[in-house]
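Participant: Just dropping this structure here.
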Amino acid sequence: RATATGAGLAVFQTAYFAAVSATGLAVATVVTLGAGPVLIAVGARLTMGERLGRGGLASVAGALTGLVVLVLGGGDATVDPAGVLLALLSAAGYSAMTLLTRWWGRDGGTDSSGATVAAFAVTSLVLLPFAAAEGLMPHTDAPRTLLLLLAYVATVPTALAYGLYFAGAAVVRSATVSVIMLLEPVSAAVLAVALLGERLTVATLIGTLLMLGSVAGLAAGEARDARAARRARGEAVPV
């Protein structure tokens with residue numbers, strides 16, 4: 001399990017940053033995060049029989065529309081075919097990781113913390129040759145600041161975030177997970193406005209509202225399905 005999940009994570013991350021280098025952040029983000037829900041929805045339907053229904057499909061469409069408006073609203077993106085292919089490869093790695101986590105989590109026996117540690121151990125081994133070739137540590141005139149940044153990246157957006165991700169992906173429908181993960185660029189936009197003083201554009205606002213509405217719709221559908229499943233098993237359902 002750890003080998004497959006870690007390999008998917010390695011492909012996801014490596015191909016994404018290669019796509020950013022080739023075709024720019026905006027296009028790489030749209031293609032990677034946009035193709036992910038589609039690949040995951042198809043894969044979940046074929047392998048686990050998970051169906052989104054009309055409401056779920058509408059939520060996915062709304063989220064993808066919001067993603068495009070949010071990221072490409074400025075209209076200054078350039079498209080490189082090689083970068084697009086790398087972004088699609090990244091989406092495939094992300095989709096495989098999500099589907100595998102959901103597949104193994106259906107029996108309720110997945111340990112999210114253990115899965116996170118094992119997956120990153122495999123990912124580190126896969127990426128170690130590339131890191132050795134590029135240099136294990138970035139060159140900097142402020143090594144103390146670099147170490148603090150590395151510690152933050154390792155603990156918050158990596159260990160904590162992926163621990164929560166694996167815990168959620170094991171128990172929530174795969175397509176729902178993929179759409180919720182589209183909140184990543186929304187969070188980036190909010191932080192850019194709040195912390196970096198960037199201007200809140202109409203495209204940012206519309207894209208954010210579309211994506212938040214889509215995620216809220218999917219979350220409501222997920223809760224409704226969970227209540228229906230509990231009723232079918234004869235369990236008490238909280239009001």
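Quick reminder: no glycine exception, Cβ is built from N, Cα and C everywhere.
Below, the features straight out of TrEMBL:
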TRANSMEM  15-44  transmembrane segment
TRANSMEM  56-75  transmembrane segment
TRANSMEM  81-101  transmembrane segment
DOMAIN    82-218  domain 'EamA'
TRANSMEM  113-133  transmembrane segment
TRANSMEM  145-165  transmembrane segment
TRANSMEM  177-196  transmembrane segment
TRANSMEM  202-221  transmembrane segment
Participant: Per DSSP, what is the residue tally for the domain 'EamA' (82-218) in helix, strand and coil?
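Facilitator: Each residue of the domain 'EamA' (82-218) counted once, the result is 111 helix, 0 strand, 26 coil.
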Participant: By Cβ distance under 8 Å, which residues at least 6 away from the ends of the transmembrane segment (56-75) in the same chain are close to it?
Facilitator: 26-27, 29-30, 33-34, 37-38, 41, 175-176, 179, 182, 185-186, 189, 201-204, 206-211, 213-215, 217-218, 221
Participant: Give the one range among 81-101, 145-165, 177-196, 202-221 whose Cβ atoms make the most pairs under 8 Å with those of the transmembrane segment (113-133).
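Facilitator: Answer, by Cβ pair count: 145-165.
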Participant: Would you mind listing the long-range same-chain contacts of the transmembrane segment (81-101), meaning Cβ under 8 Å and 6+ residues beyond its ends?
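Facilitator: Long-range Cβ neighbours of the transmembrane segment (81-101): 1, 4-5, 7-16, 18-24, 27-28, 31-36, 39-40, 43-44, 47-48, 110, 115, 119, 166, 169-170, 174, 177-178.
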